[in-house]
């Protein structure tokens with residue numbers, strides 16, 4: 001094996017080790033570095049039923065962020081242009097904030113994150129890596145379409161969260177701002193605008209994720 005080939009192999013192995021480390025951080029409790037503190041708001045008194053509802057919705061949001069984190073990491077691994085790779089890594093860093101915020105809130109409500117997160121992480125990482133292998137344009141388009149789905153879920157959750165649960169609502173509101181920005185950035189960078197049938201298929205997959213993580 002030539003020195004150049006060995007260097008390429010080492011570089012790829014280094015990347016894989018890095019991705020495994022990121023996956024473990026995303027899926028392990030209390031190991032998520034985040035640059036921004038969780039948005040704070042005074043929470044009113046919640047009944048047991050309201051706590052269960054809020055916890056379930058925030059668990060769904062947490063799983064959504066696990067999927068987003070995996071999607072971005074998969075795309076960063078296979079992105080062809082350095083600037084696209086950096087864009088994916090930057091977005092993944094911001095998703096780390098969301099992950100930590102949601103996990104903290106779920107625990108504060110006396111519940112747990114989804115037991116199926118490893119499954120969703122693996123699936124999302126694979127989809128992201130595959131999209132990156134096709135082209136950066138498709139990869140960016142997938143980001144935009146995914147973030148559109150996330151924004152719809154967040155808007156629905158704002159409508160369902162108890163009004164007095166200001167602590168959860170302020171987190172979701174900030175996440176909504178960030179996710180909308182990710183979608184706009186991806187399209188502005190040249191992302192492919194997926195046709196409606198593709199988006200409908202993504203909606204079906206998204207509903208499976210939200211329904212399972214709401215309960216499990």
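A Cβ is built for glycine as well, from the same backbone N, Cα and C atoms used for every other residue.
Feature annotation from Swiss-Prot assigns Fe cation 1 binding site to 65, 95, 98, 179. Swiss-Prot lists 95, 147, 179, 182 with the feature Fe cation 2 binding site, giving sequence analysis as the kind of evidence.
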Original post:
Hey, for the Fe cation 2 site built from 95, 147, 179, 182, who else sits with CB inside 8 A of the CB center?
Top reply: 68, 91, 94, 143, 146, 150, 178, 180, 181, 183
**OP:** May I ask which of the binding-site residues 65, 95, 98 is closest to residue 182 (Fe cation 2 binding site) if we compare their C-alpha atoms?
**Re:** 95
**OP:** Could you tally the C-beta atoms, other than its own, that fall within 10 angstroms of the C-beta of residue 179 (Fe cation 1 binding site)?
**Re:** 26
**OP:** May I have the list of same-chain residues other than 65, 95, 98, 179 whose Cβ is within 8 Å of the Cβ centroid of the recorded Fe cation 1 site, in sequence order?
**Re:** 64, 68, 69, 94, 97, 99, 150, 175, 178
**OP:** Measuring C-alpha to C-alpha, could you say which of the binding-site residues 95, 98, 179 are within 10 Å of residue 147 (Fe cation 2 binding site)?
**Re:** 179
Original post:
Of these binding-site residues, 98, 182, which scores lowest on Cβ atoms within 10 Å?
Top reply: 182
Original post:
In terms of DSSP three-state secondary structure, what is the assignment for residue 179 (Fe cation 1 binding site)?
Top reply: helix
Original post:
Counting across all protein chains shown, how many other Cβ atoms sit within 10 Å of the Cβ of residue 65 (Fe cation 1 binding site)?
Top reply: 26
Original post:
Counting Cβ atoms within 10 Å across all protein chains shown, which of the binding-site residues 95, 147 comes out on top?
Top reply: 95
